[in-house]
Amino acid sequence: MLYLEDYLEMIEQLPMDLRDRFTEMREMDLQVQNAMDQLEQRVSEFFMNAKKNKPEWREEQMASIKKDYYKALEDADEKVQLANQIYDLVDRHLRKLDQELAKFKMELEADNAGITEILERRSLELDAPSQPVNNHHAHSHTPVEKRKYNPTSHHAAADHIPEKKFKSEALLSTLTSDASKENTLGCRNNNSTASCNNAYNVNSSQPLASYNIGSLSSGAGAGAITMAAAQAVQATAQMKEGRRTSSLKASYEAFKNNDFQLGKEFSIPRETAGYSSSSALMTTLTQNASSSATDSRSGRKSKNNTKSSSQQSSSSSSSSSSSSLSLCSSSSTVVQEVSQQATVVPESDSNSQVDWTYDPNEPRYCICNQVSYGEMVGCDNQDCPIEWFHYGCVGLTEAPKGKWFCPQCTAAMKRRGSRHK
């Protein structure tokens, strides 16, 4: 898991390279601008003194002015080529970043399916600023969750801590307090329902699908999992700012070092049909599944199908009332639908290619009919149908000096020249 470190090492020299190239580009821009100002002054003087001097002097001055204009034009073309080189440099680093992210996501998904979506959403929630209240929330009485840390009025003027530190400390304190409460309550025995998992069931104020912590492991309670998440956030808070991927990696390492087995079960979102009537049923089914997984001595993970869930719940709760048994047996179809909706692991992610794939709508250039990449050179013929060419396709290793024409335009110009002769 060294993708982040390798990429940071790769772009370590990028700011200095960009600064040097932008400085050179600025110097060339000033040079072109000064040359244009001098040429305008010379042109005005030329027209003022044209009638007073001989035709030979006028032709000589005219040729000199045209020569200086062409030199300024070449400098401007060189400045444009430098800008294209800067763009290609940044574009190569962006493509490399996309490739490394795809590889990292594939490795995470191979070990724990669905974990990348949760970690990415958590990172976005931590980094995104608090949004203003819109009309939907203004009319509804649901309070809008604010993730920004609000210091007390007594210390507001004295403290100047960054906003990201506020968010990390707020989340850390919340996770630690939840973990202490759940560890104090605990689970009395293996046959009792897992009451420590109720804090992570479906939340009515979240429209998005939240990760069901109750199904993460069979031997560890939600308190230990919360403590692991708190340690991950604390490790992330100690890192330097600007490394957003560190939070994702720290969270993954915290779960991995504590030997937590991440499941594939997600809690359903608000928009699913029958949410208000089946939320209690989902809570009961989740508790029965976790209690039956705790009761199994072999330590194997509990299956998410309907048969094993109903058999284990009936065997573990033989002394319970007949109403709960009839509830579980009559809702088998609901369990199947929920399990299908809750598994948010698209097959396209697992089968997606790691290599960068180009957009089919991206324009094609060069004689090879490929997209723009690397260093390219433009044909100075305004009517050229292709216009841009890769260095390797036209046999160039460096930027040409002066005007350059592609092989097709060069051949066409030679044919026209031979016809005129």
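Backbone N, Cα and C atoms are what each Cβ position is placed from, and that goes for glycine too.
Since the structure is predicted, the reported quantities are computational estimates derived from the model, not experimental observations.
Marked as region 'Disordered' by Swiss-Prot: 129-163 (among others).
Residues or ranges marked as SUMO2 cross-link by Swiss-Prot: K148 (among others).
For K165 (among others), the entry in Swiss-Prot reads SUMO2 cross-link, with the evidence type similarity to another entry.
Per Swiss-Prot, the feature SUMO2 cross-link maps to K167 (among others); the stated evidence is similarity to another entry.
If you look up Swiss-Prot, you'll see K181 (among others) marked as N6-acetyllysine, on the strength of a large-scale study or a structure entry.
Swiss-Prot lists K256 (among others) with the feature SUMO2 cross-link, giving similarity to another entry as the kind of evidence.
Residues or ranges marked as N6-acetyllysine by Swiss-Prot: K264 (among others).
Summarising the annotation, Swiss-Prot assigns region 'Disordered' to 286-323 (among others).
Feature annotation from Swiss-Prot assigns compositional bias 'Polar residues' to 286-296.
According to Swiss-Prot, the feature compositional bias 'Low complexity' maps to 308-323.
Under the heading zinc finger, Swiss-Prot lists 363-412, citing sequence analysis as support. Averaged over the zinc finger (363-412), the predicted model has a pLDDT of 88.
Sequence annotations record features per position, and here Swiss-Prot assigns site 'Histone H3K4me3 binding' to Y365 (among others) based on similarity to another entry. Classification of Y365 (site 'Histone H3K4me3 binding') by DSSP places it within a strand. In sequence order, V371, S372, M376, I386, E387, W388, F389, H390 are the residues of the chain that are 6 or more apart from Y365 (site 'Histone H3K4me3 binding') and have a CB within less than 8 Å of its CB.
Every protein chain shown contributes to the tally, and the Cβ of C368 (Zn(2+) 1 binding site) ends up with 11 other Cβ atoms within 10 Å. Look at Swiss-Prot and you will find C366, C368, H390, C393 tagged as Zn(2+) 1 binding site.
According to DSSP, M376 (site 'Histone H3K4me3 binding') is assigned to a strand segment. Counting Cβ atoms from all protein chains shown, M376 (site 'Histone H3K4me3 binding') has 21 others lying within 10 Å of its own Cβ. Annotation comment: Swiss-Prot describes M376 (among others) as site 'Histone H3K4me3 binding'.
Around the Cβ of C384 (Zn(2+) 2 binding site), a 10 Å sphere holds 16 further Cβ atoms from the protein chains shown. Among the features that Swiss-Prot reports, Zn(2+) 2 binding site is placed at C379, C384, C406, C409.
If you look up Swiss-Prot, you'll see D380 (among others) marked as site 'Histone H3K4me3 binding', on the strength of similarity to another entry. In this view, D380 (site 'Histone H3K4me3 binding') is surrounded by 15 other Cβ atoms within 10 Å of its Cβ, with every protein chain counted.
Comparing CA positions across the recorded positions D380, C406, C409, the one lying closest to C368 (Zn(2+) 1 binding site) turns out to be C406. Those same-chain residues not listed among C366, C368, H390, C393 yet with C-beta within 8 angstroms of the centroid of the Zn(2+) 1 site C-beta atoms are Y365, I367, Q370, F389, G392, V394. Looking only at the recorded positions C379, D380, C384, C406, C409, the one with its C-alpha closest to C393 (Zn(2+) 1 binding site) is C406. Taking the Cβ of C366 (Zn(2+) 1 binding site) as centre and 10 Å as the limit, one finds 21 other Cβ atoms among all the protein chains shown. Put simply, D380 (site 'Histone H3K4me3 binding') is 14 Å from C366 (Zn(2+) 1 binding site) when counted between their Cα atoms.
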